[in-house]
Amino acid sequence: MSFNKKSLEDINVKGKKVLVRCDFNVPIVEGKITDENRLLGAIPTIEYLVNNNAKVILCSHLGKPKGEPKPELSLSPVAARLSELLNKKIIFAADDNVVGDKAKSAISDMNDGDIVLLQNTRFRKEETKNEENYSKELASLCDLFVNDAFGTAHRAHCSTVGVTEFVEESVCGYLIQKELKFLGEAIENAEKPFTAILGGSKVSDKINVINNLLEKVDNLLIGGAMAYTFLKAKDYKMGISRVEEDKIDYALEMMDKAKEKGVKLYLPIDHVVATEFDKNANPVITEDENIQDGYMALDIGPKTRELYAEVIAKSKTIIWNGPMGVFEFENFNKGTIAVGEAMANCDGITIIGGGDSAAAVNIFGLGDKMTHISTGGGASLEFLEGKELPGIVALNDK
Ligand code: AMP
């Protein structure tokens, strides 16, 4: 995707009401935010706008309230924490209608440099349908629109796409710029050897990603449950591991494509298996690719960990999406940790494509050793598929 969209420096924000679509879709357990990377990611744009005397109106969705107010999905904890992080008061417009009287009066009381946070945009059912009336209501609150929500840039909703039609200017914020710089450069101008690591539960979720990456990479390392469909396609015994029978032909096609393109496609050469999908299941290591009857693979094995770490160490650019095993279970997290550590120790550019792999590197304390951790799981996958993201397409060109 070539990048010719207007950004913050291309507009004059002084004294203007600027609506900023952030991605504050953070995990909240008992009122406490357990991973605040998305809040941290939003700070540069917010600070720029405050320092340049804009009236800053923040908005975001949180979870899936299905179009109605749900107190447990209120953005109130975000307002409190963000205010601490910015060391500045944030006025939370706790308006169940999002753009109701409370929000309007909070905004009309604003001075330059003030910050208001609107309620969860998905408290309105129109949001996810990109309906015009709600897009117009959101636009009526502001003069200018900034999209900085990379994590929802792959969704055409009122607060990401619809609103852009009814404001003077729509530009991208610093977080989106940063995401596109790292993901875009990795994909289009990667320093070689370029290695992609894909894992996670299903081949079917990553069909287009595999297809697109095979055009770009030198090495493709596959782990997670998706590897078993590939190994089954090569006639190895997979026991009771997750295999997507209807994707075996696709796996064969992709292995042929890899050969044709000169891409080295690596599959696990051993596994950690168990008789049941359970955190207390007894982990058993296989000799080779084959898995005996009654056993399912839940992680890559020690020989595979070593092999993948060697490939990673020799790479100049690495992009990773999807865990190597059931990293949520301690007995089956070693493959995911090994890949994370190999990336952390590598001198090349290391990019984590959001979602579960981002959660994993943070849980294992490797986050600050990576070049870039994307804040968008689904969005970064669609980017890796080579798709245009509607939330970015909708912004004004330079
Ligand atoms: P995804 O949502 O596709 O990125 O997949 C992430 C999920 O895949 C995680 O919750 C992992 O526990 C799961 N996963 C990874 N490897 C396996 C495996 N071998 N068997 C079952 N689930 C797995």
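Positions of Cβ are set from backbone N, Cα and C atoms, glycine also.
All protein chains included, G63 (substrate binding site) registers 14 other Cβ atoms within 10 Å of its own Cβ. As annotated by TrEMBL, substrate binding site applies to D23, F24, N25, R38, H61, L62, G63, K64, R122, R155.
Per TrEMBL, the feature (2R)-3-phosphoglycerate binding site maps to R38, R122, R155. All protein chains considered, the CB of R122 (substrate binding site) has 26 other CB atoms within 10 Å. In three-state terms derived from DSSP, R122 (substrate binding site) belongs to a helical segment.
Other Cβ atoms within 10 Å of the Cβ of S357 (ATP binding site), summed over all protein chains shown, number 32. Residues annotated as ATP binding site in TrEMBL: K206, E328, G354, G355, D356, S357.
Listed in sequence order, the binding-site residues among R38, R155, K206 whose CB lies under 6 angstroms from an atom of ligand 1 come out as none at all. Distances between the Cα of R38 ((2R)-3-phosphoglycerate binding site) and those of the binding-site residues N25, G63, R122, D356 are shortest for N25. In this structure the C-alpha atoms belonging to G63 (substrate binding site) and R155 ((2R)-3-phosphoglycerate binding site) are separated by 14 Å. For E328 (ATP binding site), the same-chain residues 6+ apart in sequence whose C-beta sits under 8 angstroms from its C-beta are K279. Excluding R38, R122, R155 themselves, the residues of that chain whose CB lies within 8 A of the CB mean position for the (2R)-3-phosphoglycerate site are, in sequence, D23, N25, S60, H61, L62, T121, A149, G151, T152, H157.
Pairwise Cα distances among D23, F24, N25, R38, H61, L62, G63, K64, R122, R155, which the record gives as the binders of substrate, peak at 18 Å. Note: the Cα of D23 (substrate binding site) and the Cα of D356 (ATP binding site) are spaced 17 Å from each other.
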